[in-house]
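According to TrEMBL, the protein has these features:
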type	residues	note
TRANSMEM	208-228	transmembrane segment
TRANSMEM	249-274	transmembrane segment
TRANSMEM	280-299	transmembrane segment
TRANSMEM	306-324	transmembrane segment
TRANSMEM	330-353	transmembrane segment
Amino acid sequence: EKEDGAKVVRVENLHNPYVKQSEFDWRFRLTLNKLYAWKLVDYERVVMLDADNLFLQKTDELFQCGQFCASFINPCIFHTGLFVLEPSMEVFNDMIHQIEIGRSNPDGADQGFIGGYFPDLLDRPMFHPPSNGTKLDGFYRLPLGYQMDASYYYLKLRWSVPCGPNSVVTFPSAPWLKPWYWWSWPVLPLGIDWHKQRLKTLGYSAEMPIVFIQAIFYLGIIAVARLARPNLSKLCYRREEKSVFLIQTGFKLIAIWSIFAAYAVPFFFIPFTVHPLVGWSVYLLGSFSLCCVAINAFLLPMLYVLVPWLSIVNALLVMAYPWYPDGIVRALSVFGYAFCCAPFLWVAFVKILSSLQVSLEREAFLPRLGENASPAGFNKLY
């Protein structure tokens, strides 16, 4: 608001009476707030946008469209991720009235409500902006190029939308694969394009201090784990008895869970909207550092503990490979790599369990419960 001079209009959340519908998606409970766009009567035309739109070129001609214009991603239902409207208090009040009387809404969100409010848009003419810059009246369908579904790109790994200018990309994918999340690339190739645009505009100054602190912290863990290895592995006294079977089993579970945590924990501490190259680098550094702690604490073979780490690195390279002829070959390559990688992960798991069992048999990790003094001839494990 201060840096860009944007005029921010703050509104109260509209009550959504459709939240009690069966199969209602709770993340859409506030999307009816889009209706406030019809109250912006200080403007002749408004282009309403979702946050997951990526502009490839200028679309100033949209302001020449009529009272309501939207594009059809679905052949029969227009998409409300981008639409053009003429503000009107009369239309806004009528929409609120329709909500209050319980107008039918299939999905309980803005998509279902606005789609039902303009039911005959499919029969309207296609929008072609007049060359003289005049504004049109009426209702129009926008060419598909103004709301290109990212899935069209993934099929051919290039755009092939012949009708209208290829102007705006939308990402109606799973919520956790939106392009602003660092893990969305290279899982979905277009994620990097989103971050290229962000790098030119907002940048990453808000997230980078946290990233630097995490990187230094993980490097410190690696150094400490290496220097403190004797103290980490010197856990207890030798004791070979069948009575400690449950304790040994619990010890193995702790070791396995520590490895799992080494790969899971760093994921949740990285700022979600950081650049993918930075995010994946910090994740790999963090998982490697925590794996070092598990390796040194439980005397595990480094190669087998790092097999998942190496698998993740190679999977990223397979997904980021830029010369696939189309999306089908890319998907088959990823599935083929996963199929070939699975046996190595299983062998690594078996080898880790075998290593833990050997360590427990040679130098038991846990003393007899309640015994304080070291037994004669005990052997410390270093």
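In case you wondered, yes, glycine gets a Cβ from its N, Cα and C as well.
If one looks beyond the transmembrane segment (280-299) by at least 6 residues along the same chain, the residues whose Cβ comes under 8 Å of a Cβ in the stretch are 182-183, 211, 214-215, 218-219, 221-222, 225-226, 228-229, 232-233, 255, 258-259, 261-263, 265-267, 269-270, 274, 305-306, 309, 312-313, 316, 355-356, 359, 381. Proximity of distant same-chain residues to the transmembrane segment (330-353), defined by a Cβ-Cβ separation under 8 Å and at least 6 residues beyond the stretch ends, is recorded for 157, 252, 255-256, 259, 300-301, 304-305, 307-308, 311, 314-315, 318-319, 321, 324.
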